[in-house]
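What TrEMBL says about this protein:
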- 1-67: region 'Disordered' (REGION)
- 37-58: compositional bias 'Polar residues' (COMPBIAS)
- 109-126: transmembrane segment (TRANSMEM)
- 152-172: transmembrane segment (TRANSMEM)
- 184-207: transmembrane segment (TRANSMEM)
- 213-232: transmembrane segment (TRANSMEM)
- 300-320: transmembrane segment (TRANSMEM)
- 340-362: transmembrane segment (TRANSMEM)
- 410-432: transmembrane segment (TRANSMEM)
- His424: active site (ACT_SITE)
- 438-457: transmembrane segment (TRANSMEM)
- 464-482: transmembrane segment (TRANSMEM)
Amino acid sequence: MEETGALIRKRRATISTGKGVPLKQVNGRSEVDESVNGRSDSGNTVTKRNVSDLPSTTSKERKKRINVPSDRQSVHVFKLSHVSPCLSCHRLQESLLSSASGYRNYRGVLNWCVVMLVLSNARLFLENLLKYGILVDPIQVVSLFIKDPYNMPAACLVIVSNVFIVAALYTERRLSVGCISERVGLLVHSINLSVTLCFPVTIVLMVKSITPVGGASALGVYTVLFLKLYSYKDVNKWCREMSHAKARSLARSLSCNGQDYQVSYPGNVTLRDLYYFVFAPTLCYELNFPRSPRIRMSFLLRRLFEMVSSWMIPIIQSSMKPLEVNIIPLSSLSHQVPNHLLWLIFFYWFFHSSLNFIAELLQFGDREFYRDWWNSETITYFWQNWNIPVHKWCLRHFYKPLLKSGVSKWLGQSAVFLASAFFHEYLVSVPLKMLRPWAFMGMMAQLPLAWFVARFLRGNYGNAAVWLSLIIGQPIAVLMYVHDYYVLHYREGSAGGGPE
């Protein structure tokens, strides 16, 4: 009986905490009862509290009343603040598609767009293939560049450009040894650069057998050559203005293949060095370009495949008839999206596939040919990031020298847009052999548009304005040239008995 009484008293000690102490219930069971062994049934951690901390009785009275041994005088109390992970499955967070979430990985969405684009055009492709057959004719592709395979004036014009390259090299060699003065050298370079721009214009306008595509290609080569030779002249001039020690510091980076050799002025004034720069995918000259360690054949073949597969011949014959009615806005509505898609294809073909192919072939290390222009929230950001080689050239050889001469930033930016407008018109009007101001006016219109977007539009609205200017503005200018070219060559030709 004494043992039974002791067990009863011990059991009471586990459920009683003294007079006036209420028991808290957790999941239908008392807190203190769940914490006898130091942990609750669910495995949650509990906190120890000494019996002396409990109210309404002293430690001596409590010990006498419940008759608990000294090593069992502690009780474990469950704390709700320490919740087990198995009981909590929520936390404060935003949905992924919310801008506040910071989520930016939409590659799966991009792949979905590609799949939907392929599937949506597969039916149209099959219908056109069954109805019209294969429209892309290799002879048609060649005829865009040359009319007579035995008479290729555009190709001959490109070959003649080597004369201007050799002239620039010879002038720099004379300057490097001090045979001619800086003033005479500047005069010779100015004449050489001026002829580089004017000579192809004369040939394209005089020779009737040059096609518009062949003429545009030749003028594009000469424009790139003009910018390269201008940079070549400036950098060598900067080297002469420095000591030989400072000239070595002009090299931006060393070749990545582990060599410790750097070219310093005038050791760079060689035919091999100049022709490497002429073929390199950059417009800004340096004494030592960053070089990749080796040629990756897999990368090279992928870019070559993209270059070949991206080549498309736009069929515009069906779009000529609507242009006979002199209502450009109505006819342009159905051609804006196709024109914009062709522009995107050209961007990927040239700035990614072609330039990376050339860079890999020449082991040219700087592959930043474009930045994230598709995220542009201002017109200015777009023009600074969609064509990095031209942007670097304008910044290095045109904009910064203007600022150093005391010109304000606004006038400097306006001068850059003016020069860009000139070259756009140069590359369009001359090959078409008709002087029209559409490209020039379109480029100059970017100035007020850039001010308006930067002043009144922000974030997604600014980005939408940039996309609208590309989707709507550019096709209108292109269609105006197409309209004028059609009227000038086909309508007058049909009135006279056939096209020219």
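Using the three backbone atoms N, Cα and C, a Cβ is placed for every residue, glycine included.
Because TrEMBL annotations are produced automatically, they should be read as predictions rather than curated entries.
The stretches the transmembrane segment (464-482) and the transmembrane segment (152-172) are not in mutual contact, being linked by fewer than three Cβ pairs under 8 Å (pairs 6 or more apart in sequence). Against the transmembrane segment (152-172), stretch 213-232 has more CB pairs under 8 A than any other of 109-126, 184-207, 213-232, 410-432, 438-457. Listed in sequence order, Ala439, Phe440, Gly442, Met443 are the same-chain residues six or more apart from the residue listed as 'active site' with CB atoms under 8 A from its CB. Counted over residue pairs separated by six or more positions, the transmembrane segment (184-207) shares at least 3 Cβ pairs under 8 angstroms with the transmembrane segment (213-232), which defines the two as touching.
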